[in-house]
Amino acid sequence: MADYQYHDVSKMIDHSLLPPTLTEADLDSGIDLAIAYEVASVCILPYYLKRCAAKLAGTGVKASTTIGFPHGGHTTAIKKAEAEQAIQDGCEELDFVVNISQVLSGGWDYVQNEIGEVTELTHAAGQKIKVIFENCYLQDEHKIRLCEICTELKVDWVKTSTGYGTGGATMDDLRLMRQHSGENVQVKAAGGVRDLATLLEVRALGASRCGASRTAEMLGEARKQLGMPAIEITATGSSGY
């Protein structure tokens with residue numbers, strides 16, 4: 001007997017549609033799949049966000065996109081402009097990459113100011129922000145300091161990875177991030193969560209969201225375990241997460 005309800009897991013998933021090779025047809029079918037499986041959000045290439053938001057209107061699935069993606073090296077001004085454009089285009093949740101170079105350099109004032117400026121404009125518009133650390137490049141001391149900064153700035157989520165670095169979410173990182181983030185900050189796993197068992201494991205560690213491209217496989221298995229009918233829909237490839 002499963003110890004979860006369907007929406008406990010479906011509403012964890014941010015369905016990832018970020019690979020640069022996805023065509024318009026791929027993106028549209030991916031959005032349709034996300035709606036059918038009742039996920040939390042679709043995280044889509046920024047240029048397609050306006051169409052995505054229109055398709056998602058009234059479905060209960062949120063539109064999200066990326067800022068400073070995937071390496072975080074954009075200037076603060078560019079990241080703010082990206083965020084403003086995304087919000088104008090209907091974005092409800094922004095996945096923002098920190099300046100990894102500044103984190104590794106110990107430029108904490110720069111890092112805090114940048115996160116703060118983008119968080120402020122996001123919250124002023126009534127939307128939410130997820131701050132991506134890209135943990136595969138960081139030491140624990142960096143991750144802990146980022147959690148402290150994000151707690152102070154009242155960001156909505158701290159997120160492990162872009163899914164495009166040298167590694168994705170690890171159980172140790174999720175424990176660390178949950179331990180060092182305030183109660184007001186949620187944790188998102190990204191990269192490497194490709195089956196239902198792993199999704200349930202990250203949920204048990206306190207992650208409330210998970211970036212995923214294997215949505216149909218994971219939620220198809222959940223529906224099977226819960227005795228729910230299968231969803232007959234296919235979407236063309238979205239690899240990366």
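Note: Cβ is positioned from N, Cα and C throughout, glycine not excepted.
Computed from a predicted structure; not experimentally measured.
Here is what Swiss-Prot records for this protein:
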- D95: active site, proton donor/acceptor (ACT_SITE)
- K159: active site, schiff-base intermediate with acetaldehyde (ACT_SITE)
- K188: active site, proton donor/acceptor (ACT_SITE)
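Features per Swiss-Prot, on structure.
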residue: D95; record: active site, proton donor/acceptor; Cβ within 10 Å: 28
residue: K159; record: active site, schiff-base intermediate with acetaldehyde; Cβ within 10 Å: 32
residue: K188; record: active site, proton donor/acceptor; Cβ within 10 Å: 27
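Of the recorded residues, D95 (active site, proton donor/acceptor) and K188 (active site, proton donor/acceptor) place their C-alpha atoms 10 Å from one another.
Each residue contributes its Cα atom, and for K188 (active site, proton donor/acceptor) and the residue listed as 'active site, schiff-base intermediate with acetaldehyde' these two points are 5 Å apart.
D95 (active site, proton donor/acceptor) falls within a strand segment according to DSSP.
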